[in-house]
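Asks: Below is the structure I would like to discuss, written out as structure tokens.
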Amino acid sequence: MQKFECTLCGYIYDPALVGPDTPDQDGAFEDVSENWVCPLCGAGKEDFEVYED
């Protein structure tokens, strides 16, 4: 699965990691609620871009 990066603060959403920062168990970013926000800065889902390692 792809990782996504917050363009405002640099937080990396990694669907392989399940924990308090991930909104659901399967982790696919496309399936995350539109109401979800970055756990570090509160940016909306629209402020994330595909992260290239």
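Cβ coordinates are placed from backbone N, Cα and C, and glycine is handled just like the others.
Residues or ranges marked as domain 'Rubredoxin-like' by Swiss-Prot: 1-53. Look at Swiss-Prot and you will find C6, C9, C38, C41 tagged as Fe cation binding site.
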Asks: Under 8 Å Cβ-Cβ from C38 (Fe cation binding site), six or more apart in the same chain: what's there?
Replies: C6, L8, C9, Y11, G44, D47, F48
Asks: Around the Fe cation site recorded as C6, C9, C38, C41, what other same-chain residues have a C-beta within 8 angstroms of the site's C-beta center?
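Replies: Those within range, site residues removed, are L8, G10, Y11, P39, L40, G42, A43, D47.
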Asks: To see if you understand the setup: which same-chain residues, six or more apart in sequence, place their Cβ under 8 Å from that of C41 (Fe cation binding site)?
Replies: C6, L8, C9, Y11
Asks: From the DSSP assignment alone, can you count helix, strand and coil residues within the domain 'Rubredoxin-like' (1-53)?
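Replies: Across the domain 'Rubredoxin-like' (1-53), the residues distribute as 6 helix, 12 strand, 35 coil.
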Asks: Identify which of the binding-site residues C6, C9 has its Cβ surrounded by the largest number of other Cβ atoms within 10 Å, counting every protein chain shown.
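Replies: Within the set of binding-site residues, the most crowded position is C6.
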